[in-house]
């Protein structure tokens, strides 16, 4: 295990883990709850995300550099609990990779490749993900930085090209919804922000694991900023009522770009960039699964057979687990609960348990002395 | 050996990643440049203006007698819009391709029944683009698609360009596309507008022989403004009333108005081009039963294009009087347009959104009765017009002519 990941790369990894799917789902979901106040809900959830990033970052910063998360956990909570936690988190990353892959391919199918069987699209995507996961976290981190640096000018360009279609006053009346409703509207985005938990797996690979806190917090802040800009952009152009009925409002938004008769249909350019970020996100999840299984099961062979097995399982799971494509309840309800439990509650419970057990050991050590 | 294995695997992968189920050859597509949708009983009639690529590419010169036309028009029928479209498979060797569709013509009968289903088709399917311009016509939409244009080879393109030019230079009618229509119909007022297109003149021009004349027997023309309430056609505004509504919607970019001579009174003596116009509207609600007041501030600038007034434009007081008269003209246009929308009880100017933004609590109380509330609104309009330029001469030719006559005497 080599420690090469920098603070910037850590922030970029956090951003790549959260943004690609959040950008697709959140405008509609949040505006459904709080209409034009969606940006306030996002602001609130970004702040919540920052707190979560700080807490998870602190937990991650406590691990020793070069020692995988699951192994480090074993030292504080005991082997059995660490093994169970490792398997549970591996199952979580696998499950979330399967869900996100299904959503991604549903989008590709709806927008571009209608007649190509989804099983083929999913198979091709799984092969790419296996390649990404095989390369490990360092190349993923380097590419994440490139994508992060590209995403800002691209976002600025899309704002610039749609600025003539914007009505700033769509944001009014500000704060029409009660604070309870606004806070509830922020629950789904908070679920997405909780994916900052990836920092637990990344920290041991960092040159200075202590910087995991800053990396996680910056990652959430940058993601929150981009999401707020995107939601405001959709709001200003379409108004809150139309966005509610749009499955992919950001795609519809860039589809409106027309400059005279010579710049039209540029959405494919934006979609291509977005697809690369989704591949990277899914690659991170598959890497998370493989990494956790590897360290938990202590397999006596190299990564390839495991990668092949998990890849095949992912292909089968994502292909046959979804009788229907529409998964609104799943993405907003069940997934949010799962995200919050697996990314926030579970790791934080492990952190508390680890501290208690360490304190107990120290107390016992003191008593023995 | 390992290298060869990798190469083989890569080649095999290529076979999987081409997306060949969605492969479409250009010569398998019917590219539509315009579409019309009509309703006949319980059936949808969808008409297509389809390009003939080989003719379009070679049709840059004038039409020769008997030459092939760049488009063909045909219709299909079905119980739903999409089924009607798929019925085209029974008569066309090519698949209809809507990504280059420029305009959508809606028949009056359909508009009376409601446009919900049509908008749903556009929002639901990725091959139909929301940027398509929407127009309405009395009678059948298909007739509009059949009409040929002389200057623009592809009529669908020509119609859209006419709409764009009109919006840029005359601003009487708004440019409405599908997403804007959906947005207006989902706004607080739930009302929208669509510009009218009609065939002006005699016999429709549908063959190349008719095109080879300097004057065509008929042409496509933009007309009035259709007013939709809850997605259904409820009435029409005349061009000048539409301009008034456009002032209130802050959608006037440039336009030309005829006015008098300021002091001397009279009408249609001078033409002034409005170059910049900005409208700010502020709702004011006082008592419980008081009607809502809308404070409208219009700031406009313009240039004198033509005059036959015997006035000395070098004098500031003369300019000031001309400006006052112009302000009166704009005021009258706004009032007339607004009054007509009040008669229809159709808030097409977006006042509902303004009230919601400024008085959210009151809005929820009056929301259900908005058409009535709208018809009672009192408009307080203030127009501030500045004549920025006089053109290349400060005196009218009539005045100069008069001066020469006086000197002769």
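We number each residue from 1, going along the chain as drawn.
Yeah, the Cβs are placed from backbone N, Cα and C, and that goes for glycine too.
TrEMBL entries are annotated by machine, without manual review.
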Stated TrEMBL location of transmembrane segment, expressed as one of A:145-163, A:164-182: A:145-163
Spatial neighbours of the transmembrane segment (A:268-293) far in sequence, C-beta under 8 Å, 6+ residues away: 13, 16-17, 19-21, 23, 68-70, 86-87, 89-90, 93-94, 96-97, 100-101, 104, 108, 111-112, 125, 128-130, 132-133, 136-137, 140, 143-144, 147, 150-151, 154, 158, 198, 201, 251, 254, 299, 303, 306-307, 310-311, 314
Proximity of the transmembrane segment (A:115-133) to the transmembrane segment (A:215-238), 3+ C-beta pairs under 8 angstroms: no
The transmembrane segment (A:305-322) touching the transmembrane segment (A:38-57) per 3+ Cβ pairs under 8 Å rule: no
Any contact, the transmembrane segment (A:7-26) to the transmembrane segment (A:305-322), with at least 3 Cβ pairs under 8 A: no
Ranked first among A:78-95, A:183-203, A:215-238, A:305-322 for CB pairs under 8 angstroms with the transmembrane segment (A:145-163): A:215-238
Long-range Cβ neighbours of the transmembrane segment (A:78-95) (under 8 Å; 6 or more residues past either end): 70-71, 285-286, 288-289, 292-293, 295-296, 310, 313-314, 317, 338, 342, 346, 350, 353, 357
